[in-house]
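Chemist: Here you go, one structure.
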Amino acid sequence: MLIIPAIDLKDGNCVRLRQGLMDDSTVFGEDPVAFARQWVDKGARRLHLVDLNGAFAGKPVNGDVVTAIAKAFPELPIQIGGGIRSAETIEHYLQAGVNYVIIGTKAVKEPEFVTEMCKQFAGHIIVGLDAKNGFVATDGWAEVSEVKATDLAARFASDGVTEIVYTDIARDGMMQGVNVEATVDMAKASPIPVIASGGITDMNDIRALAKVASAGISGAITGRAIYEGTLDIVEAQAYCDIVSD
């Protein structure tokens, strides 16, 4: 199970939101590349980038920052989400050195877009399912759909989606613990490996996820916990490596 540090980008800065609310953000720094270096130096094997402005705008806004991080760490797998709603955007990011693009809103509104992109960019497509009480939210989490997250995961089972990033919105940025049960349900809904996100606070959450990782959980994204020091990614990754051996 991979421990994946998150770098959320808003107005060019590295921030963290609470429950996805843009007006409830904490700015951690003005140099996202420096934060990326900090996590790389601690042994991160992948980075999770989110263009928060892009998620609301429906197109990349912090793309230059994403490109700068990708160029600074050419050997490091990077995944990007937020505002990815066209083949052109996906192609742009992949050419810039990003390894995986996360399709969120468009996956809910036009599932066939995911099917097509998996054919066009095989091995590079991740679906982001952000759920509130089990139902998928879209447009920077501003809207909640009537689509169940597990149903959508099952829909993509044979499309060639690389992974699913599953976020429990109610827990995101709240430091209240990860929703293990919902994450396992998501993993069981399809054969696609699931990356857990939202609420990861400390080693208790990592242990809880590692215990059920065999259900199909391939990673855990952590943001506020590593910025505020309640979780050490070196310790967390070392634990996951030992448990998986």
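Just so you know, the numbers here start at 1 and follow the chain as drawn.
Including glycine, each Cβ sits where the backbone N, Cα and C put it.
Found this in Swiss-Prot, in case it helps:
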ACT_SITE  D8  active site, proton acceptor
ACT_SITE  D130  active site, proton donor
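Are these features on the surface or tucked inside, and what are their neighbours?
Modeler: The Cβ of D8 (active site, proton acceptor) has C14, V15, R16, L17, L49, V50, L52, G223 as same-chain neighbours under 8 Å, each 6 or more residues away in sequence.
Secondary structure from DSSP puts D130 (active site, proton donor) in a beta strand.
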Chemist: Under DSSP, is D8 (active site, proton acceptor) part of a helix or a strand, or is it coil?
Modeler: strand
